[in-house]
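Comments concern the structure below.
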Amino acid sequence: MEILIMQLFNGISVSSILLLAAIGLAITFGLMGVINMAHGEFIMIGAYTTYVVQIIFQKYVSENYFNLYCLVAIIASFVIAGAFGLILERLIIRHLYSKAADSLLVTWGISLILQQLARTIFGSPNVGVKAPTFLENNLKITSVIILPYKRLFILAIAITCLVGVYLWMYKTRQGRNIRAVMQNRNMAASLGVNTKLIDAGTFAIGSGLAGIAGCALSWIGAIGPTLGTNYIVDTFMTVVVGGVGSIIGTIIGSSFIGIGGTAFEFLTDASMGKVIVFICVIIVLQFKPKGIFTVNTRALDD
């Protein structure tokens with residue numbers, strides 16, 4: 001029983017990271033119809049931003065305040081990844097709306113460029129980020145159930161971001177405008193909604209959330225130029241299984257991929273576990289091609 005609880009916690013931990021990475025993609029994918037293969041590189045940007053912030057604190061800030069770097073890193077990861085996303089949207093993405101094949105190829109090229117840029121600046125070898133000292137310990141419930149503070153902190157970040165996105169999408173005027181554009185872009189524009197501003201702002205925030213995911217990942221493993229590539233497939237599966245543009249669907253999708261993948265890997269092995277997850281995704285899409293939670297809109301039905 002205790003082993004099952006630990007596996008459940010590990011699955012929830014993986015799900016929280018996928019949720020951070022996928023929630024921004026779910027919104028932008030549903031809003032713009034753009035297959036953004038460079039989304040994983042925003043995760044990488046967030047991770048390297050955390051690495052740079054850590055170095056700055058180590059060199060220029062007293063050791064007594066070193067732990068504060070994690071808060072600065074979360075904000076900086078969101079802002080810098082969001083700024084990259086805004087620039088990318090204004091220069092390139094806005095020309096690719098509802099052009100799935102074109103966006104797939106173009107953003108894949110952008111991802112390769114960003115990876116090479118990271119290699120040029122930071123080098124090819126992976127680098128490590130020292131987690132704040134208060135995250136180094138574990139919450140020991142029994143001899144088997146041991147919950148790392150790092151994972152609990154990442155889970156708290158994911159929940160906070162999820163609540164923030166929900167309030168933004170459903171309790172603000174901008175959120176109502178985003179949902180209006182997702183449902184019917186032309187009608188929203190005719191009613192005075194600035195769709196260009198909505199697109200740019202939403203893409204920037206979605207990219208910023210991916211940056212926070214990268215910040216979280218930097219505390220539990222080494223980071224490198226291909227960090228985002230390791231998560232882009234699972235992120236897209238999360239969005240597609242849950243339902244494009246659905247926040248609830250993204251939660252369900254991330255839970256399915258994270259907890260299900262961890263359970264299958266525990267019962268079999270790492271490779272076979274991923275194969276079983278892929279098979280399950282295919283089966284789900286056979287019966288629910290638009291995902292578990294479908295957003296029935298004219299824009300998505302076209």
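Cβ atoms are placed via backbone N, Cα and C, with glycine included.
Pulled from TrEMBL, these are the features on record:
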type: TRANSMEM; residues: 12-35; note: transmembrane segment
type: TRANSMEM; residues: 42-60; note: transmembrane segment
type: TRANSMEM; residues: 66-88; note: transmembrane segment
type: TRANSMEM; residues: 152-170; note: transmembrane segment
type: TRANSMEM; residues: 203-224; note: transmembrane segment
type: TRANSMEM; residues: 236-259; note: transmembrane segment
type: TRANSMEM; residues: 266-287; note: transmembrane segment
* Asked: At least three Cβ pairs under 8 Å linking the transmembrane segment (152-170) and the transmembrane segment (42-60), pairs spaced 6 or more in sequence?
  -> no
* To do: Could you name the stretch, out of 203-224, 236-259, 266-287, with the greatest number of CB pairs under 8 A to the transmembrane segment (12-35)?
  => 236-259
* **Long-range environment of the transmembrane segment (66-88) - Cβ separation under 8 angstroms, sequence gap at least 6** => 38, 42, 45-47, 49-50, 53-54, 56-58, 110, 131-135, 157, 200, 203-212, 214-215, 219
* Between the stretches 42-60, 203-224, 266-287, which wins on the count of C-beta pairs under 8 angstroms to the transmembrane segment (236-259)? -> 266-287
* Asked: Under an 8 Å Cβ to Cβ limit, what residues of the same chain, 6 or more beyond the ends of the transmembrane segment (203-224), are close to it?
  -> 16-17, 20-21, 23-25, 27-28, 32, 39-40, 42-51, 70, 73-74, 77-86, 88-89, 93, 118, 124-129, 131, 135, 150-151, 153-154, 157-158, 161, 165, 168, 231
